[in-house]
Structure formats: structure tokens, C-alpha cells
Amino acid sequence: MSDLLAINTIRLLAVDTVAKANSGHPGAPMGLAPAAHTLFKQMRFNPRNPAWINRDRFVLSNGHACALLYTMLFLYGYDYTIDDLKSFRQLNSKTPGHPEAELPGVEVTTGPLGQGIANAVGLAIAQAQLAATYNKPNYELFSNYTYAFLGDGCLQEGVAQEAISLAGHLGDGLKLIAFWDDNQISIDGDTNVSFTEDVPAKFRAQGWEVLSVKDGNDDLEGIAAALAKAKTTNKPTLIRLPTIIGYGSLQQGTHGVHGSPLKPDDIKQLKKKFGFDPEQNFVVPREVTESYAKHVADNQQVEVEWNKLLTAYTKEYPELGQELHRRLDGKLPENWQKALPTYTVDDKPVASRKLSEIVLTSIEKELPELVGGSADLTGSNLTRWPDAVDFQPKSTGLGDFSGRYFRFGVREHGMGAIINGISAYGANFKAYGGTFLNFVSYASGAVRLSALSGHPIIWVATHDSIGLGEDGPTHQPIETLAHLRALPNLMVWRPADGNETSAAYLRAIESKHTPSIIALTRQNLPQLEHSSIEKAAKGGYTVYPVENPDIILVASGSEVSIAIDGAKKLGTEGVKASVVSIPDFFTFDSQARSYQLSVLPDGVPIMSVEVMSTFGWSKYSHEQFGINRFGISGPGPEIYKFFEFTAEGVADRASKVVQFYKGKELLSPLNKAFESVHA
């Protein structure tokens, strides 16, 4: 088989795929086909076992080339058919508009530009950490490379630059090779309208090796040589690949071929030019299929040898081998949760960010898969256990690559995308990142992809409210929880004490497909009398019970103890009030309706109490006490008094709610919502 035949097959399959859908981007796949062909034929992977842990990873950061990825996966025998290519971008298709992580052969979901290269940095970090932890002389279990294709658009995104900068700092030892599709075209046209920086100089300044291919359209030997050279350096490497977008099209080199299907006459001339029948579509020459199948067969033998190596390793290093087998099976250590700290009402008040640190310190030895760090706020987030080793190049003297603590720098968005990549690698990594809750908003794109892709990462989000005080409204999150709670498949925990903090980590670490945000206080919180890990792990429970209450107060986090104080004050006034804590909406919503209604029953007025936007609380409460404005600057306790979040303030509002609903028949808001959905 000639390389050119395979390359033109890739080009034309991508063109036909986009044309059949009448939607998509044909230009980038046509320009990148030579690089894809050259790369894939030397990558290690097994379509019959896409989860093989030591496979090379390929990340298509350039979302405009998604038809290219589906074409390559089809040609190499992954679980795709010609009919799948023909259904590109159709409803419930195996080939959606942008590749998603649950699809065979797709490592990460990379629709938004810049996320993919940041994920690739995370994948490379995960490989380096595992290699430093488990590889032994004569046992190189983890040796795979991470490859990424990225375009000019990716390089303009801030999240990409954050991750690229961190990768350059880490330097020696990251097996990361990125191809820059330098076609000088974006959706607006020629990149000279907005993007004229010296990309190679910038990468070199950030610590990357930079190589160049003279002609990415035809110089296969140059592409292969650049790949080979990239593997001789220990640095992350950028390969500059000048290509012509839409190579061979009548519109090649213009933005007209970027985001629209080619016209029928253009497709016909293209096929004729490449030696194909212009009247036929989705043609795959037998020689191409056989050549690619031979590479797959060779790779399957590579995996067989790797499995033998793992067996021998387990005999020589039984403890590490058993640990590794457990992780590869996606299992947690038995009884690890017994290390979670528990508390009684007699224990002293503690800030929940400190409670979080206590949890991490208590469980880290039980969970070697637990890795994480902070975006330059280690001392404020309290995310580092005392004897943690930093993940740093050994040459720096700051740590080594077996370290499990990451210094992400002031790079919240990059951190979020990187821990997604770490999680996506496999080996049951439980990756977390720390910042202030308000600054999780900086990373909302990565958080959304965590939820969409099913990466069970954890955000340690401290300074969760107006209680942080003097930093003022720029740092005080008001709308943040409402935004995060609105995301599908995302747990948003706001624990009220030590037991609830342990419950948040229990659910976050046990999760296989749902990420978590754990919102934590700067100020001290009392340990609650009726809390427990078991109760809180249901997402909501009655934390201050009274018989036949006149009102139920429902709260989260630091407001739970305030609500309890308010309930006690109401009791002295002859009003019976119980208090419900809902540390996580998502988990509470997953409970049986009978349990939910036992916590928030019919016939009782319910008032929510939270120093945040009231948005979202109406599904649990008839009335809401919150803040629908920005915060203010000042000491935390004084700000709480200013907004009347005190026992007296809660009791005063609750009394008015009781009077307003007196004598009225009330359905629980849960039942009202259920009835409206099933009307």
C-alpha cells in the first residue's frame, strides 16, 4: 500500500462524512491527513481493548477536525462502521458533532478549543506520575506517549496557554508531543486579523522543545523524522506543521473551506485528482484496510507482551502489583472509608476548609490514587497533607514525579482541564484541585466538561461565602452555587460540619462518573448534634428534629447552625421549628421520593436559609431567605449581621412565614414540582 493512497482515503472519507451530514469542518481533516496517517501507524493501541492502560493517547484539541478522528478510528477497526460515518452529527449518533469521551477510542471530550491540549497535559502528567511510582528496572510498565493535534484557535484560548505554561515548567519527563496545524485560517478568515505572535518563540520561552516540518502536506519523511526526534528529548515538544487547509479543494487555503461542506463539483474534482471514482462515496481501498489491520495485529501482540510483563512484575513486587491491579480494575481499597474522621457535638468548632485538610491527611495513605493540588492557594485552601511530596522534576530539588501534590500556579482554568486529563488517563486516579469558590467560575468551561464527560474529579472550593469577610464582594460568591447546581451530573457539596465534610469526600471519592465541588468555609463551624456521615451521605436529612413542626428551616453549610439557633429561639416563642441540612442537591435528588418527602413533607411551610442567591431553592422551600445582590467588605461576623443572617433574623422571618401560611393546605415543593412534571 502506498502512503499517499491511505492519506487520500482519509481525506475523502472526511469530506464525504461532512458532505453527507451537510454540516461540519472538512478543511482541517484534509490538511492534517498526512500527519494523522504518519502518527497512527506508529502509535500503540488496541481497538479490541480501547482501555489498555499503556496505550498511546491521541487528543484532538482542534475540534474542527472531528471528522478526521472518526475516520481514523473507523479505518483502524474501532467500533465504527461506514453507516456511523454517514450518520455524522445526526440525533443519537455514534459520531456526534464533537467527539465525546464515552465513545470507543475517544480519550477526552474536546469540543471547546483549548480544552484538549490542556487535557493532554493532564494525561502526560498522569503517565509520568504512574511511571515514577510503579516502574522498576526491567519493568517499564508505563511508557506511553500523549499526542495532540491543535490549531491556531486552540493556541489563542487562555486555558491552553495556562496548561502549556505549566507543562513547560514541569519540563523533563513529560511524554507529550503536540502537532500545531499551522494553516493560518480561523473562522473569521486569515489569522493575520488577530493572531500574529511568534508561536515557536513563545513555546521555547515556556520551556518546550520546538521542531518544524517544512511542508505538512507532502513531506511524510519530515513528519516521521520530527516525531522520532521529539522522542529523543525529555521535554514536551511542539511540532510546527505548515498545512494548506482544504488541501486539494478548489477553495484550499481559504476560510471558505473551514466550516462548510464542499460543493458537489468540488468533491468530484477532488476525487478525480486523488485517483478515486468521482461518482462513488465512502470508498475504502482494500490495501488501506489490510495495512492498517496489520498495524493493529502488531499492537495486539505488544499488549500481550505487556500483560506478561505485568504478571512477572506482580510476582517480583507483589504489594505494588496487587495495588496496581486494584487500581486498573477501578476499585478502591477495602474499608478505606474507615479512615474518614467523625465528630461529636462536644468537639470544638473548626472551619470546614480545615476539616477538609484533616480528611485529606487522614485518607491519603489509604488512597495512593489520590492526587491534587491548588491554584497558588495552598496555604488558604489547605489542600496539602503534611508529608506530601510535590510533583516536580527531580532536577529542581523541589520534589519528583512520584509526588502526588501539584503546584498549579495561578491557573484555575488550566488546573480544571488538567485534572480532567489526569482522571481520563485511567488507573482510578482521584484528582482534585483547590481554589476559592468564587474562582471556580474562572474554570467553568472545564467544570462543564467534567460533568459532560463523566470525570469524577474534585474541586476543593474554600472561602465559600460572605463569611470570608474583608476581601469584599470581588471574592464573595453569591451566584456561583446556583450556576454550579444547575449543571447536570455535578455534585455540589456545602458541608455544615465535620461529619458532613467527611460525607462529601466519601461520595466524591466513591463516584465513578460524577464530579464534585466541595464548598468550604473560612470561618469556624460548630459540630452538630444530630449529624453523621451516613445521614449526610444522602445529600439531605433532618439535623434538628422536633415533633409536628410549625415550620421547617432548610439550609446548607455555615447557615445550618444559624438555622438551628433560629429554631431554638422560635421554640422559646412557642413556634416549633425543625431544621434540614441539604449539603448536596444532586445527591438528595437521587434519593427515593419517599425519603425526600420524609425530610420535606407536605403540610408544613418550608423556608430556605443560605447566604447566596436564592435561585434554585424554590424546589425545596416555599419561601427563601438569601442574598440576591453582591456582598460587601468587612469582618465576616459583621457582614452576617448586616444581612440579618443571625438567629434573630432567621426567627423573625420564619415567624412571618408561619403566620402567612397558617390554615393553608400545603404541598411540599417536591410534590408540587413532581405534579407539574407529570401533569
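Even glycines carry a Cβ here, placed using N, Cα and C.
What TrEMBL records for Glu412 is active site, proton donor. If you take the C-beta of Glu412 (active site, proton donor) and look for same-chain residues 6 or more apart in sequence within under 8 angstroms, you find Ala375, Gly433, Thr435, Phe439, Val440, Tyr442, Ala443.
Residues annotated as substrate binding site in TrEMBL: His25, His258, Arg353, Ser380, His463, Asp471, His475, Arg522. Annotation for His25 (substrate binding site): spatial neighbours Val18, His64, Ala65, Cys66, Ala67, His258, Gly259, criterion Cβ-Cβ under 8 Å with sequence separation of six or more.
Annotation comment: TrEMBL describes His64, Gly111, Pro112, Leu113, Gly153, Asn183, His258, Phe439 as thiamine diphosphate binding site.
Per TrEMBL, Mg(2+) binding site is recorded for Asp152, Asn183, Ile185.
Residues or ranges marked as domain 'Transketolase-like pyrimidine-binding' in TrEMBL: 350-527.
Per TrEMBL, site 'Important for catalytic activity' is recorded for His25 (among others).
Within 10 Å of the C-beta atom of His258 (substrate binding site) sit 20 other C-beta atoms, taking all shown protein chains into account. Residues annotated as site 'Important for catalytic activity' in TrEMBL: His258 (among others).
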| Taking each of Gly111, Pro112, Asn183, Ser380, His463, Arg522 in turn, which of these binding-site residues have a Cα lying within 10 angstroms of the Cα of Asp152 (Mg(2+) binding site)? | Asn183
| field | Cα separation, His475 (substrate binding site) to Ile185 (Mg(2+) binding site) (Å, whole number) | value | 39
| message | I'd like the Cβ neighbour count for Arg353 (substrate binding site), meaning other Cβ atoms within 10 Å of its Cβ, all protein chains included. | response | 24
| said: I'm trying to understand the geometry here, so how far is the Cα atom of His463 (substrate binding site) from the Cα atom of Gly153 (thiamine diphosphate binding site), in Å to the nearest whole number? | reply: 34
| request: Around the recorded Mg(2+) site, report the further residues of that chain (criterion: Cβ within 8 Å of the mean position of the Cβ atoms of Asp152, Asn183, Ile185; site residues excluded), sequence-ordered. | output: Gly151, Gly153, Asp181, Asp182, Gln184, Ser186, Thr191, Ile245, His258
| said: Long-range neighbours only, meaning 6 or more apart in sequence with Cβ under 8 Å: which ones does Leu113 (thiamine diphosphate binding site) have? | reply: Ser61, Asn62, Gly63, Gly151, Gly153, Cys154, Gln156, Glu157, Ala160
| query | For His475 (substrate binding site) and Gly111 (thiamine diphosphate binding site), what Cα-Cα distance in Å is obtained after rounding to a whole number? | reply | 30
| query | Cα-Cα separation of Asn183 (thiamine diphosphate binding site) and Arg353 (substrate binding site), in Å? | reply | 47
| Tell me which residues of the chain lie with their Cβ under 8 angstroms from that of Arg522 (substrate binding site), as long as they are six or more apart in sequence? | Ala351, Arg353, Thr462, His463, Asp464, Gly467, Leu468, Gly469, Gly636
